[in-house]
Amino acid sequence: MKVSSAIALLLPVVAARFVDSAFEQDHVQLHPEQAAAEQFLIELSPGETRWVTEDEKWELRRNGQRFMDITDNRDLGLASAQSATTGPARVFPPNVTLDEEVFPLLANLSKGELQTHLEKLTSFHTRYYRSEHGRASSNWLLGQVKKTVGEAGGFKHGITVKPFKHPWGQNSVIARIPGQTNRTIVVGAHQDSINLFLPSVLSAPGADDDGSGTVTILEALRVLLQSEAVLAGKAANTIEFHWYSAEEGGLLGSQAIFNTYEKASRDVRAMLQQDMTGFVQRTLDAGEVESVGVIVDYVDPGLTAFIKKVITAYCDIPFIETKCGYACSDHASASKAGYPSAFVIESAFERSDDHIHTSDDLIKYLSFDHMLQHARLTLAFVYELAFADFDKLDKAAAVSVAPEMGDL
């Protein structure tokens, strides 16, 4: 019997043992009897589904299996699948072009801001999405995003910061910066954390997974709003920053959001996920070069190619191609909804942080210098695509694939 299997058998017993004391002392919501009775429909690969209990979900995660919990979002992607054969492929700029505007902004990114926010975020006992701590951390994050926008004067220009509410209590957070069109560029990170051994009881500081991504895009937002053109809504495209709830439970928060967007026919032109942006030690220990891991499986190839150009132009370290499998982060929800999505991580996937999903996912293992490179990527990515003329790009692409007279 695997060790994880043996531990899994003990989980309901141990959870029940800690219910009273944990709830009274830490205010963590513990409902082991409810979790044991619930059944969830998960998707382990495209079209491969299975009904499981809550404990079985965590057993799969402990064994390295990723999945989407599609129980409440079984229709995600249906509308986009019906139009996929007739809709045009999305195209992206062939090169970066706004270096004169972007580089001055990059100079204002701050490691101090990253550290201050991450210290607060990891001070919560856990950010488990079904816990009171998870609710509290989400409320703090919502307030911090509002503070960031307010200090920049963003609310006077129509920028909004709103919770996207979920039935489990921990809400997602969406900051929206209106542009000249409703075409939307999204950057995301997940705000929740988990300890895969007794999620409702044990601590889960989640410094790297995904506290690092959460504060990375928050810092990118802070500096982006220093652009008068962006602040005043002069960008060609609308920009959204997303902090997803319940990624660890099977991409629950992001599925709910992109399901809503798909049904509303929202025009999302690009989505970039930042999940784990601060750990480099295993890369260095292996004698390899510090780099940004660019995921190349289950992503949009055109958007991913553009991201490589952004890294080359605006980051101080190179990129390395790597794979993470199906449903490995929230970009998978956007992709399933028919939106071009991409994912970057701190290193080659096999060199990524091995402290995650435990009480040992701590700040002391992270590099804020490396996190800053991800912030540079996020800021440059958003700025370049915010001002991209997608109408012009679409027309150019249509001309390039049009048949010549001799082919008719």
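Each Cβ is built from the backbone N, Cα and C atoms, and glycine gets one as well.
Cross-referencing GLU151, GLU248, GLU262 against the Zn(2+) 2 binding annotation in Swiss-Prot, which names ASP209, HIS357, picks out GLU248. Together with HIS190, ASP209, the Zn(2+) 1 site in Swiss-Prot holds one more listed residue from ASP275, ASP285, which is ASP275. When the candidates CYS315, CYS328 are compared with Swiss-Prot, only one is recorded as disulfide-bonded to CYS324, and it is CYS328.
Within the same chain, residues at least six positions away from ASN182 (N-linked glycosylation site) with a Cβ under 8 Å of its Cβ are THR238, ARG266, ASP267. Apart from ASP209, GLU248, HIS357, the Zn(2+) 2 site neighbourhood in this chain, defined by C-beta within 8 angstroms of the site C-beta centre, holds ARG61, ASP192, SER193, ILE194, LEU196, ALA204, GLY206, ASP210, GLU247, ILE356, ASP361. Taking the mean position of the Cβ atoms of HIS190, ASP209, ASP275 as the Zn(2+) 1 site, the remaining residues of that chain whose Cβ falls within 8 Å of it are ALA189, GLY206, ASP210, GLY213, THR214, GLU247, GLU248, MET276, SER329, ASP330. In this structure, the C-alpha atom of ASN108 (N-linked glycosylation site) lies 32 angstrom from that of HIS357 (Zn(2+) 2 binding site). For the recorded site, HIS190 (Zn(2+) 1 binding site), the DSSP three-state label reads strand.
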